[in-house]
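Undergrad: Next up is a structure, given as structure tokens.
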There are 2 protein chains.
Amino acid sequence: MEKLKKYVSVKDEDQFYHQGAVELLVFNFLLILTILTIWLFKNHRFRFLHETGGAMLYGLVMGLMIRYATKASDVDSGTVYECEKLKSGPSTLLINITNQVYEYQYKREISHHNVNGHQGNAMLQKMTFDPSIFFNILLPPIIFHAGYSLKKRHFFRNLGSILTYAFLGTAVSCIVIGLIMYGFVKAMLHIGQLKGWEFHFTDCLFFGSLMSATDPVTVLAIFHELHVDTDLYTLLFGESVLNDAVAIVLTYSISIYSPKENPNVFDAAAFFQSVGNFLGIFAGSFAMGSSYAVVTALISFMHLTKFTKLCEFPMLETGLFFLLSWSAFLSAEAAGLTGIVAVLFCGVTQAHYTYNNLSPDSKMRTKQLFEFMNFLAENVIFCYMGLALFTFQNHIFNPLFIFGAFVAVFVARACNIYPLSFLLNLGRKQKIPRNFQHMMMFSGLRGAIAFALAIRDTESQPKQMMFTTALLIVFFTVWVFGGGTTPMLTWLQIRVGIDPDEDLKAEAANQTASNLDKNTTKTESAWLFRIWYGFDHKYLKPILTHAGPPLTTTLPEWCNPVARLLTSPSAYGDQLKDDGTDYIINSDELTENYESSAHIPGPAQDRTGFTQATGKEDIHEGDLGLGGYKLQLEHTAGQPQMNSLA
Amino acid sequence: MEKLKKYVSVKDEDQFYHQGAVELLVFNFLLILTILTIWLFKNHRFRFLHETGGAMLYGLVMGLMIRYATKASDVDSGTVYECEKLKSGPSTLLINITNQVYEYQYKREISHHNVNGHQGNAMLQKMTFDPSIFFNILLPPIIFHAGYSLKKRHFFRNLGSILTYAFLGTAVSCIVIGLIMYGFVKAMLHIGQLKGWEFHFTDCLFFGSLMSATDPVTVLAIFHELHVDTDLYTLLFGESVLNDAVAIVLTYSISIYSPKENPNVFDAAAFFQSVGNFLGIFAGSFAMGSSYAVVTALISFMHLTKFTKLCEFPMLETGLFFLLSWSAFLSAEAAGLTGIVAVLFCGVTQAHYTYNNLSPDSKMRTKQLFEFMNFLAENVIFCYMGLALFTFQNHIFNPLFIFGAFVAVFVARACNIYPLSFLLNLGRKQKIPRNFQHMMMFSGLRGAIAFALAIRDTESQPKQMMFTTALLIVFFTVWVFGGGTTPMLTWLQIRVGIDPDEDLKAEAANQTASNLDKNTTKTESAWLFRIWYGFDHKYLKPILTHAGPPLTTTLPEWCNPVARLLTSPSAYGDQLKDDGTDYIINSDELTENYESSAHIPGPAQDRTGFTQATGKEDIHEGDLGLGGYKLQLEHTAGQPQMNSLA
């Protein structure tokens, strides 16, 4: 008998595996549908519904089906049991039920008023997966990819503006949304809604901070496809990438702001502690991310010892690259910092240094790997957002709050873009034109980050109402604004079909006669950036990559022994070449083309020699490598030459 | 006050996330160490410890540290609570502890004697992760990769032998181990060990089936590096790949074998039910996996309608390929079949049909993606095996049982290889020489599958003892046999440094004058295979890929309308070329080389044109594409020509 029972229990366990398989299958099915739809859309050049919007739509339909087509199965689930012996919730609970011990794992704490929501449908419960999956698994690849594919050249040209929008703009947006929502909440309390709720100004600010994370994935994808003006693209891309990091740290800082006494009274000490937290976490995460990238760069740079180069084993190189980048995220999380911020700056630094040391094969492998992970993660998130509207069981729809939030989000975006653009235009030589400002205003979509921040805490009723509202704003902005991007571009007469390389080449050609100073003042007087650039070019690049002048020429003479030790031997020979490299717009491309022609009569028989364009997707990251913005600063030196084969 | 408490709870939750981060970080750290070690070994051409052995060693050390350097933290965990109101274990349990409701999720059922093992260390508990993670996440990419990179040409030449070893050999091995272990168990009961345990012959067979899954990852890696004789490589590789599938289904069939009355008496009905289960599950999984692959092939084949080809969007193509292959696994699991078997045959079929339809870019992307996932998953599994020796808390070390298992495993391997080789040699024209047989005997390592099958059920004491024993056998075989591969090859005088393509080319050259029949009898008289090959070449390939003759020529005349509809227009033009293709040893390579030279003056500016050898790893899968074994059958037709550009 006992034997039989054992087998039954094995079968039960199998049942559990199979359920997990069913849920994953649902997601797979949604993703496959999304991919087929994208294919269809691309065929018809249909740009009113982007893949993210499509994924969300399919998720919505699937959520509807799961909600109303599956029945409640697990009757026990809704009941709360008493346990007098326990003092606190242990992480693992062993319970003796009818003489059989079961192991239960701690999942979360829930409020009394949420207990009813858990009654019934096991399928729904399984579908609403852990917010930690978002933060630990789905978001990191997206953010890393954003950092890794940052168009450095244009990014650094617009650094000042991007930082202003990202830091100042997000703060402005957060405060404006917070203030407007506080007004609405006060009004709601006045007319008798939200009875018995605790809803402080800090809660409104919390909502403000999470709604300040813009996510113009859809808009940027369309921009990219239409080759919209590169400066506009860079401004929006840079802003949204950094703004995510700022919003995440801001939300965390506000959530741990805990005034000693009355939460409605301003507590200066607690406020400054929050500001300190913000700065500390941001700086710490930045340092963590960058240092992991520097370690990767150093390891991949260790070419020149008696060791075989790591780049001769592209699999190991790619693996190491992937693991160290993920470790940046995990270490930051483990240290109580923000992993997302760490992984973003890790990506930026990897692209700046490590990428130059990678073998051509690894360059492609890492790019394709992260591109693929980004693609999958993005679509999973948008599918899940669609699902959440029907599978999340504690929605609180409050029309007034939702209306207030819509108003607040648009007013805040306007207060962010127009005044800051005005201020920036005072300093910029190349003004941000009026139609760019309108387009930036229009591109203030809310997406994955806002959703992830909102779903992270849905315990109290205010938080649930915020989550519902955030979800609706995401739906609205992705569908309406995302779909309206192409008409809007036409209406605002923003030029499309621009080749970013051509753009720069033309600029460079126009300015061949002008000198360095004249050149840099063209966009912004980024003196801080110039100092950093000099330091980076003279010291960091030579230490961490094969590019740049040898350290012996850049360091003072008394450092020569150290310099000789640290400099890559190839740097000496490359000294001339290095200056020339800056002229080559897209040195990667040249290298590859050259190699592909040089390859055919090559002696190595084990090189299969794949040659295939990576398709249109590649333009986007076509210039991760060397050069880029150097063009701006150094185009006076040397003659263009084919030298990237070193 | 409530507010403060809420924030504390948020912080608690963060604490939970951070713990998850720490565990992942430990794994990341182990993998990084492993990669650096592999690099070091590759530099010194050190072949006595393979990467899998290294990963296991690091895991072992880390497990030791976690075990003895961290202290018990969670005192509550070991206590069992009574709950009279519950009748069965619900999937979610809500518990009211000091007026706060906590949600707990069902994890598993545990026996009373295992309760003590759970006392204490939360870190240890977290580290011993769910066996379902093995089956659902880590194993599928490894198995898929094995199927996808099967060397078809040599595989089909040796199909009969491989199937014999895989099916008959595994069954023999399972029964021999079962019988020997039953003898040892009887002896142990006789001398008074295992008091009060239930240990039937089916349990011994269960152990036999799980220990029959050989996993010569290490051996094959070394073979591959040294370019060992291709037939030996193919025999071992084919055997171990199929043998995993057989062992998994066999284990499952035995675990659900439940005789009505006395479990020690042979129950014919239950036995035949088990055999039926085995055949049904195997066939069902095979069908499920193949049909997903056929669907993928059909979608990727939809080139010729008015649609843009899917292969113009390599990202979508890769995504679809990945998702459909994973869906094959998940669907099989959801349907109660064996996902691993499904994903294996899905991989084989994808390589046979879909791979031919993919764009060159997607060919490379999918290969590299699966290669990378395989690399990571394999190293995670071996790290985890090392960890498990110290972190698993219910080990039962029984010297007699362990000794018996070692004896049984080697005797069973001998009973599998030598008699079957003798029988096969009666039929084979090209005999399996004595030294190959010894090498196959020596390569009977146990690895990931045996471990995963053993850890799947560790509830009862016999199962725990089996798990401990399996783990030790894995350690021993991987380290000792894996490390001894190179000396063994030298000692057995097996020739190394063979280029598989050269091998075939030479054969082809020798036999240019001979005819088809003479040719096929060379290896095996695989009449079944010949029938299948004809069907595949005439009907399936033309329907599913761009290769093969047009259907209008292969189908009877009255089918012409249908045939015209199904045939790819390019097939008509290719008719001549197709026959020629069979002469090209490695048509992929030629295509790529040709394209890389043709590419440089090409008109498409958006093609970045990557050209880089994928390094040594690539030889292994260098011939996934067309041709291959066709050479054997069709080399009489046409003249060799460069025609693979169609």
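For all residues, glycine too, the Cβ spot is worked out from N, Cα and C.
Per TrEMBL, domain 'Cation/H+ exchanger transmembrane' is recorded for A:33-491. Marked as transmembrane segment by TrEMBL: A:20-41, A:53-70, A:133-150, A:162-185, A:235-258, A:278-301, A:335-355, A:375-394, A:400-424, A:436-455, A:467-492.
I'd like to know what surrounds each of these features in this structure.
TA: Panel annotation: around the transmembrane segment (A:53-70), residues 26, 30-31, 33-34, 37-38, 41, 121, 123-124, 127, 218, 379, 382-391, 475, 478-479, 482-483 of the same chain, lying at least six beyond its termini, place a Cβ under 8 Å from a Cβ of the stretch.
Long-range contacts of the transmembrane segment (A:133-150) within the same chain: residues 237-238, 241, 244-245, 325-326, 329, 333, 339-340, 343-348, 350-351, 366-367, 370-371, 373-374, 377-378, 380-381, 448-449, 452, 455-456, 620-621, 624, each at least 6 residues beyond the stretch ends and with a Cβ under 8 Å from a Cβ of the stretch.
With a cut-off of 8 Å between Cβ atoms, the residues of this chain six or more beyond the transmembrane segment (A:335-355) that come close are 135-136, 139-140, 143-150, 152, 241-242, 244-245, 248-249, 252, 281-282, 284-286, 288-290, 292-294, 296-297, 300, 321, 325-326, 328-329, 363, 366, 540-541, 544-545, 624-625.
Within the chain carrying the transmembrane segment (A:375-394), a Cβ under 8 angstroms from the stretch's Cβ atoms is held by residues 27, 30-31, 34-35, 51-53, 55-64, 66-67, 114, 117-118, 124, 127-129, 134, 137-139, 141-142, 217, 447-448, 451-452, 455, 458, 464, 467, 471, 474-475, 478, all 6 or more beyond its ends.
Listed as Cβ neighbours of the transmembrane segment (A:400-424) (distance under 8 Å, sequence separation of 6 or more from its ends, same chain) are residues 160-161, 164-165, 168-170, 172-174, 176-177, 180-181, 183-185, 187-188, 193, 207-208, 211-212, 432, 436-437, 440-441, 444, 446, 465, 468-470, 472-473, 476.
Long-range neighbours of the transmembrane segment (A:436-455) within the same chain, counting only residues 6 or more positions beyond its ends whose Cβ lies under 8 Å from a Cβ of the stretch, are 52, 131, 134-135, 138-139, 142, 209-211, 213-219, 229, 231-232, 235-236, 239, 244, 247-248, 251, 378, 381-382, 385, 388, 409-410, 413-414, 416-418, 421, 463, 466-467, 470-471, 473-474, 477-478, 481-482, 484-485, 488-489, 492, 494.
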Undergrad: Select the range from A:162-185, A:235-258, A:467-492 that forms the most Cβ-Cβ pairs under 8 Å with the transmembrane segment (A:278-301).
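TA: Going through each listed stretch, the top one turns out to be A:235-258.
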